[in-house]
Structure formats: structure tokens, C-alpha cells
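*Asks:* Before I ask anything, here is the structure I am working with.
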Amino acid sequence: MPKEKTHINIVVIGHVDSGKSTTTGHLIYKCGGIDQRTIEKFEKESAEMGKGSFKYAWVLDNLKAERERGITIDISLWKFETSKYYFTIIDAPGHRDFIKNMITGTSQADVAILIVAAGTGEFEAGISKNGQTREHILLSYTLGVKQMIVGVNKMDAIQYKQERYEEIKKEISAFLKKTGYNPDKIPFVPISGFQGDNMIEPSTNMPWYKGPTLIGALDSVTPPERPVDKPLRLPLQDVYKISGIGTVPVGRVETGILKPGTIVQFAPSGVSSECKSIEMHHTALAQAIPGDNVGFNVRNLTVKDIKRGNVASDAKNQPAVGCEDFTAQVIVMNHPGQIRKGYTPVLDCHTSHIACKFEELLSKIDRRTGKSMEGGEPEYIKNGDSALVKIVPTKPLCVEEFAKFPPLGRFAVRDMKQTVAVGVVKAVTPRAANASAAGKKK
């Protein structure tokens, strides 16, 4: 048996018309899980609708439409492979909940592909103050996406000019550096997602470019380390009652290892029970590791005791607990007015969805250095501001420090049906043990 290829999760970011769908569609089309029949169907429909030239974006638009209509489509369609890795596109902007998904996303992106359009005016619109390019770069950095590849797209529209490519590279590099990335470690690839230049094969139209193709750049990313050595953390997505088996919580292992026989403690309530068995895709597992989506059977607990948003951990190894309050670095991205103390939006953190109060605005933060700015407590914060905030949940909640457990330490601040801010947890005040252990069961 050949060793299975390493899985890598990608998020595709960039301004609205930069050509993300076309580029992504092209990769899936050429290296991915779409069979010939589906492609022919798409080509035919595309021609019938007068789209004339078959656009790769068509692939993605169809998948997206099916996804949004709630048709569960084969997730393999969002996968493609290279000689080294299996890639899964975990999200692409254009989905209504893109930003929320990126934060609470069941999986952390290992690498971001930033697509920028080279066209005159197009690039400038994307990188302008209200363009999405900056927002997405900032988001990726805040959420701990360490690796990035930049695709300078639509090179065909500017006659493959090197000067324009260099100009864009210079400007994006400056912004990446300001955000905290090291641009020297980021490959910039001039591409045409539509014509196929430098996507998979080196382009004959750009003899001046000596770097890797987009696929080549993807092949040279560093595989992520999966955090098996950390204590167990498994946020629950659902809890099922299955006749003949009992109570089955379901979720994704974020850190650590779950084995049958483990005494599992659930936060924030503190109830605990032995894990009897674990299943993934209807197959029994001897252990579940980070990245595994599993169901596991617990004794003596009902669906009233545990619910979505709870966090399962090992009772004997630094178990998760509920929090009284926590301090977080919050970046305001999309709020129409001023946020003052007392503001109580909904926070989406891992699988939980709970109203939380901004108890105190502690200080503004200089985004370049990450340090608190002079001037003490701000009266309010607004779009573009980064601040240290003390947050109090209105109901029991379990969060962790981002530095220790990243997936449990990132959150989206939701208000008016949109993501108004993002944050990472810096410090947590745990709830007193006796307050939560009253309902303990074995």
C-alpha cells in the first residue's frame, strides 16, 4: 500500500472580480474530482446559455448553486490532487457566510491563495481601502493562516506585461509586510485562470517569469503539523439519540486523541462520562486524531445534558472548562457605527453561538506591532480599529486561548446578519469549579 498523501486545506481569497472562481474551477477541472460526464454537461449548458466559451467558473458556479440550494454534493468535487498532496478547497469567498465560515470553519486553512486581477483599475479597486483584498489578507493573518500564495491573474488582459506584474507584486508585498507576513517567503505567480497560463504548465507567453506554476507553488507548501500531543478538544456539532446505542455526540477532533475508555468531560457544564466507542463513516475506530469527524457513544448522559457548542475533553488531562469572561483582540471590519462598551452581539466560536457583552474596551492596538497604543481606554471603536476587549458571555461558554488551542480561540462577531468583527482570545478567566460540577454524572 502506498502511503496516503498528506491532506492540505486551502482557502481562496481576493476581491470580488479577481477571477477566483475561474482559477479555482480550472484547478478542480484539470486535477480534480470532476468526471468527464459532468464536464460535458457543464459545457453543453454553458453553450446553450450563450456563454459560448466554456468558462471554468461555470464548474464552480454549478457546485456553489447546488451547495446553496442545500443539495449535498459530493465534497470530492472540491478536491484536487498533485503528485505530492491532496488539496481540499474549504471555502471560497462569494459564499454569503464566507468570513464566518473562515473563522468558525470546521477546519483551519493551511494555505491561502490570494487572487489579484492585473487589469488596469481592477487591481487598484481590489487593494483600495474599501476593497476586499486587504480585508482578506488581514483576516488570514489574524486567523493564523501562515502560508500564502499570490496569483496575479488575468495576465492575458494586459498582454502579459512584466512591468505591470512587478508593480503589483511590489504593492501587495508592502501590504503583506505591514500585516505581518514575510513577502520573501510568498510565491507570486503571474497566471491566467481563463487561458491557463502558469496554472499547471509553464506559460510560453511569459518567458521573463522563472518561478513555479500555481500547482508548483502549491506543491511546495509545508504540510501542517497536526496537534496530537495537545490535550483533547472536540467541539460538538450535534448530539444524536440512537436507539439501541444511546447518546452519540458528533464533532471534529481539533487537538489531541480520543480513544474508547477515555473519561470525557464536557464544558461548560462539567458533566462527564466514559467514551464507549468511536465511529467515522460507519466504521469503528481505535482512536480519533485531529481532523477526524467522528461520532462517539457515551453512557448515562442524555441529549439534555450535552449539546452543540459544548467542548469534549479528557477529564484526566487538562480538561476544558467554562469561562467567566475572556480578553480578546478584536478587529472591527464591517460595522456601520461605533462600538462602545455594553455592546452585546452574538459570538460564533467553534460550534457555539452565544450572545456576549463587550464589558470593557481596554485599549486600542497598533496592528503593525500588535502592542497596545497610548491613551488608555477608548470611548468607542470603529471600522479598521483593532482593540483589546474584555468580553462576558451571557450564557455558559467554553473558549480557549488562541495561542494554545487555535480552533477554540478564534471567533466571529455577528450582528445585523453579518460579520462585523473578528477576534482571537488572549486570556481566559475560568469558571469556579464548584459552580459547574454540581450536575456531575458518571
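The count begins at 1 with the first shown residue.
Here the Cβ of each residue, glycine as well, is placed from N, Cα and C on the backbone.
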*Asks:* If you check Swiss-Prot, which stretch out of 70-74, 230-234, 260-264, 360-364 is marked region 'G2'?
*Replies:* 70-74
*Asks:* Can you tell me how many other Cβ atoms are located within 10 Å of the Cβ belonging to LYS20 (GTP binding site)?
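*Replies:* So the Cβ neighbour count for LYS20 (GTP binding site) comes to 25.
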*Asks:* Write out how many residues of the region 'G4' (153-156) are helix, how many strand and how many coil, based on DSSP.
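*Replies:* Counting residues per DSSP class in the region 'G4' (153-156), I get 2 helix, 1 strand, 1 coil.
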*Asks:* For MET155 (GTP binding site), what is the tally of other C-beta atoms lying within 10 angstroms of its C-beta?
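*Replies:* Its Cβ has 29 other Cβ atoms within 10 Å.
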